[in-house]
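**Q** Sharing the features that Swiss-Prot gives for it:
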BINDING   His108, Cys114, Cys133, His139  Zn(2+) binding site
COMPBIAS  176-186  compositional bias 'Basic residues'
MOD_RES   Thr96  phosphothreonine
MOD_RES   Thr188  phosphothreonine
REGION    14-17  region 'Interaction with host APOBEC3F'
REGION    40-44  region 'Interaction with host APOBEC3G'
REGION    54-72  region 'Interaction with host APOBEC3F and APOBEC3G'
REGION    74-79  region 'Interaction with host APOBEC3F'
REGION    151-164  region 'Multimerization'
REGION    170-192  region 'Disordered'
MOTIF     144-153  motif 'BC-box-like motif'
Amino acid sequence: MENRWQVMIVWQVDRMRIKTWNSLVKHHMYVSKKAKKWVYRHHYESTNPKTSSEVHIPVGDARLVITTYWGLHTGERDWHLGHGVSIEWRQERYSTQIDPDLADQLIHLHYFDCFSDSAIRKAILGHRVSPICDYQAGHRKVGSLQYLALTALISPKRTKPPLPSVRKLVEDRWNKPQKTRGHRGSHTMNGH
């Protein structure tokens, strides 16, 4: 019998991002209770030796599964040390992989307080408006003029620690161009 391959999209991330993600998830599951329906699975609960952790996030009838991996082949760069993340949408027997932006939007819609477009209607009707959006990563579009005016009038408060963002987890912080200090550049580059 032939080998059967299954291809998955795994986002290469650095180990410290995974550590930060896991600690934020646990904080919001056990301390702030904003993610109390989420399920965290340790590496020893998985049959796959490459799985370091799994977070199951119920989203309506379905669930998001964010799986972190270790011991993968290293990447092209020295800092790609074999750690990765996959993001999967599962509903009954159907599953598909999704990108980090969509995962953030789904989490945002189902779990966190949001100062959204409904605030405009409430303000016009004279109702009290809550100026909070706990999950700014879920907002990708530019708001309407009324929405922008309301956000300028009532500034949202920041939560500490921040809520876990899948987009932030898979963000490539290594390949961004480095900013040098001042107009003369760095001291080591120009020999002073």
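Cβ coordinates are placed from backbone N, Cα and C, and glycine is handled just like the others.
Note that the structure is a prediction, hence the values are computed from the model and not measured.
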**Q** Radius 10 Å, atoms counted are CB only; among the recorded positions Thr96, His108, which position scores highest?
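**A** Output for this query is His108.
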**Q** Pop the Cα-Cα gap between His108 (Zn(2+) binding site) and Thr96 (phosphothreonine) into the table, whole Å please.
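**A** Thr96 (phosphothreonine) and His108 (Zn(2+) binding site) have their Cα atoms 19 Å apart.
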**Q** So which residues does the region 'Interaction with host APOBEC3F and APOBEC3G' (54-72) touch in its own chain, when a touch means Cβ under 8 Å and the partner is 6 or more beyond its ends?
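**A** Hits for the region 'Interaction with host APOBEC3F and APOBEC3G' (54-72): 10, 13, 15, 18, 21-22, 25, 35, 37-41, 43, 45-46, 82-92, 98, 103, 106-107, 110-111, 166, 169.
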**Q** So what pLDDT does the region 'Interaction with host APOBEC3F' (14-17) average out to?
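**A** A mean pLDDT of 84 is what the predicted model shows over the region 'Interaction with host APOBEC3F' (14-17).
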**Q** On the three-state reduction of DSSP, what should I expect for His108 (Zn(2+) binding site)?
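**A** Reduced to three states, the DSSP call for His108 (Zn(2+) binding site) is helix.
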